[in-house]
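Record features (TrEMBL):
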type	residues	note
COMPBIAS	1-10	compositional bias 'Basic and acidic residues'
REGION	1-38	region 'Disordered'
DOMAIN	23-97	domain 'Cation-transporting P-type ATPase N-terminal'
TRANSMEM	77-95	transmembrane segment
TRANSMEM	101-120	transmembrane segment
TRANSMEM	299-320	transmembrane segment
TRANSMEM	326-351	transmembrane segment
REGION	432-451	region 'Disordered'
TRANSMEM	870-897	transmembrane segment
TRANSMEM	917-939	transmembrane segment
TRANSMEM	968-989	transmembrane segment
TRANSMEM	1001-1020	transmembrane segment
Amino acid sequence: MGGTRKDGEAHVSGQANKPLSLPPHALSSEAVSREIGADSEDGLTAVEAKSRLEAHGRNELGDAAGVNPARILIRQIANAMMLVLIMAAAVSFGIQSYIEGGVIAAVIIVNIIVGFFQEFNAEKTMESLRSLSSPTASAVRDGKTEVVPTAEIVPGDMVELKTGDTVPADIRLLEAVNFETDEALLTGESLPVQKNAQATFDPDTGPGDRLNVAFSSSTVTKGRARGIMFATGMKTEIGTIANALRATGKKTRPVKRKPDGSARPHRYAEAWGLTAADFVGHFLGVNIGTPLQRKLSKLAILLFGIAVVCAIIVLAANDFSKNREVIIYAVATGLSMIPAALIVVLTITMAAGTKRMVQRHVIVRKLDSLEALGAVTDICSDKTGTLTQGKMVAKRAWLPSKGTYSVGTSSDPYDPTAGELSHNKCAPNEIEVESETTEQNGRGTSHEDLLKDNPQLKDYLTVASLANLAHVHETGEGWKARGDPTEIAIQVFASRFNWNREHLTKEESWSHVAEFPFDSDVKKMSVIFENKSLDKKMVFTKGAVERIIASCNMVRWEEGSKLTEMTEERRERILENMEALAAQGLRVLALASREYSSDIGGSNADYDRADIEKDLTFQGLIGLYDPPRIESAGAVKQCHQAGVAVHMLTGDHPGTARAIAAQVGIIPSNPQNVAKEVADSMVMTANAFDKLSNEDIDRLPVLPLVIARCSPNTKVRMIEALHRRKCFAAMTGDGVNDSPSLKRADVGIAMGQAGSDVAKDASDIVLTDDNFASILNAVEEGRRMFDNIKKFVLHLLSENIAQACTLLIGLAFKDSSGLSVFPLSPVEILWVIMITSGMPDMGLGVEVAAPDIMARPPQSLKKGVFTMEVLVDMLVYGFWMAALCLTSFSLILFGFGDGGLGTNCNDSYSAECDTVFRARATTFVCLIWFALFLAWELINMRRSFFRMQPNSKKYFTQWMHDVWRNQFLFWAIMAGFVTVFPTLYIPVINRVVFKHEGISWEWGVVFIEAILFVGGVEAWKWGKRFYYRRRAIKEDGKGMDLESKVFEQYMIPRNASSEELADEKMER
């Protein structure tokens, strides 16, 4: 338990884990930092943080529920499948079939033991994954901002908070800018509370009035802050009400009442009935778990009904005889239809899938998304930090009156001394990039020379430095930075001229007054600063170019000239230069400022933002380069191969977005071959997209592959448009405003590093590395898991069909007394169920992905597991196994034997039953071997068992590597082969228990039939490959490269007009 006191003293409200001289709210922030041993500049070291974690424990609210073994054991016993087996055992003992009853009891015990340990391990895996998906905090350690799990935050950690974050522990604020938190969970106060980092309060002040403290579990509703952790775990204020947080919901349905609170008797009966139905549904598993789990639970109930019908058929075929062997055979036939291991194997497969995803930088928050991932047809991704590296470098700065400043190549994005500065008097749209780069080689200009007699550059750099929250500083280990990557890049650029925030606040006497954080709707960020030595107050603003110039009324256009009016012509010139920078793949922002003449009411005063951000003076543009991730182009290409369309939804300028999209392959490399209407639809601005009605969007020949200047509402509309086109969409997001689109998407994907806690809570999965390639990993793992579920469901149901057909058709073999002679004894049936189902199916559940899994189109969730291919395969394999089993029984009995069925051969061995017992043994071995061989064949549902790896050069031995690769499946099948022999040759066990006889020459029949079985399966798979190859060639065309296949529908056909193409797309 986090923060447990060892000295037994009661914890004082508001105190730190290790008590300070006064509660932190009564001390200054400097005193708290000093007493708690914190560093307000570089944070704790990793070594110190580890030491404090050991000393104070994890930051958790008491003991977590964890894995409950007793509950898991009860689940193994108290479920519908197990109760059927228990009833079967009871029937067996009731009719004095003690051997069969004992075997069923053994099956029950083995199932409970295996199921318990497998589910216990699965629960432990899921518990560890739940801890990974818990909220995280941005802590400063070793001078760097790191994403740390909330549970590992320690007293003394310096934490940065922003809008949408959940406060990880009790924090004494060092800095708070327009900072408000929602403390309703703690105080019951419905309105957010504004914080003041500079204030101190009386030690006895209550929690609700401690305005210099941010409390654990509260959420940040506005602004940003930085502070020092002083209390974690149960020492936090919220720790005192942790038990209330763990309250569980009622499990009874409420009674519908009248407005006056009364209710008629039938309403009570209705509530009780619904509660009972909920309990039964929960017990049967049809109203809990993921959609697939519920679907398979319903399938199990259907199979139970079929099992009852099969049992009745057995009894009817024997004139409802009260013969004990007939009754137990009917019970065993019914059991053969029930897939007892189905739900357990599904649970284990899902747990294994989530564990594999963690290794591939994906944390699954909702199990439903595991099924959905494989069906994704469209991925809507952000650009910055997802498709790109998120390590921005300022490459160009343009001042209308001075020209263009450029930065040379730098190996360290944080080092302002790396990379040479140069100046060109021309505007960006007048510069040829290649010639400029050539001229820069080998020469540069010092920042002193560039700043000399250059007040315009100083004004520009002042905006760049102060309208900026990033912190860049040099340590003994080199340059370090914390903050948003965009702001870090701008701060580093200002630092190249030694004109950064630290210089301006300490040496130039600028002090912070107020801040208006970046808003995705207004697309601007502003601050108010005061310089008392100059008796001057200024507004500094940066943001999207279109929004900034719309707010500007003045500009210094030519060198040496005074400020002049911002005309529409000049706005057009600015936009032309922005386009020139964007065409180079740069993200372009505008900087502006104005003098502020109104009175200042203090750091927490309320201001009218619209009034602050008007009548600005345009200072210039800055171009930031964020190179695409090395793996992005390959990941986008793989998405196209997998039939998944990629859409880029970014806040950047259309030119920048278009350049990056072309680099990574989201849009075609030869746009001249695309019809104009389609090209216009491929890349759109959010403004243009949002102006369209839903009907207009639906008439577009193609939904946009790139939307620039994207707003949160645009993302929601894009998801809705995809849904109307029957697409299955995944959406990425990191901010608070992304929550609606994340919830609306079929799969919401939050960023683990840059994402807010609100976005993570709204998401289905979280990327721990914020990398687009990890989305592809998630899709691949989703498909692999869905593929494996299809494999073991197909294996289970094929077996069920084979057993049902063998047992029911076998009723036709009747002895002289008119009773059926069973081709398999009841114990043999139970043994087949136990040996060939559970463990091999678990092995199939953890099988690696098929080589072509990302070359197939997305799967349909509407069809789910039961595709037409699976249904046909199930019938083919089931009937083929049954046909061969009945053939083996008939061959031994009639082909090589005398055809005599003896008397009472279902009950005991005699000389006249010898042939029947040998025929039964042969059928038993055949059925087990067929089922085990089928598990290996289903490693790949289409490719030959002997050539599962299409590019392998091991023509004759590749199958050996394939079967050995999945060792769980290998040993499960080997165990099934080996356990046949004791049942055949151990005296008493063979004749008395299993009702069969050891075989000799009959092995020849077994081997021949095994070869025939494998040959039949291989022939069927060859036929499927031939069919699907022909269909693929017909659908995809021949000899096309990938880009042509992906964008073929958008290309202009020869001799076709663009209007005809647009009409064709609209008809589609």
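Including glycine, each Cβ sits where the backbone N, Cα and C put it.
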Do the transmembrane segment (917-939) and the transmembrane segment (1001-1020) come together with 3 or more C-beta pairs under 8 Å, pairs six or more apart in sequence? yes
Spatial neighbours of the transmembrane segment (1001-1020) far in sequence, C-beta under 8 Å, 6+ residues away: 873, 876-877, 880-881, 884, 887-888, 891-892, 918, 921-922, 925-926, 929-930, 933-934, 937, 944-946
Tertiary contacts of the transmembrane segment (870-897), as residues 6+ beyond its ends and Cβ separation under 8 Å: 790, 793-794, 797-806, 809-810, 813, 823, 915-916, 918-920, 922-923, 926-927, 930-931, 934, 941, 1002, 1005-1006, 1009, 1012-1013, 1016-1017, 1020
Of the residues in the domain 'Cation-transporting P-type ATPase N-terminal' (23-97), how many are helix, strand and coil by DSSP? 46 helix, 1 strand, 28 coil
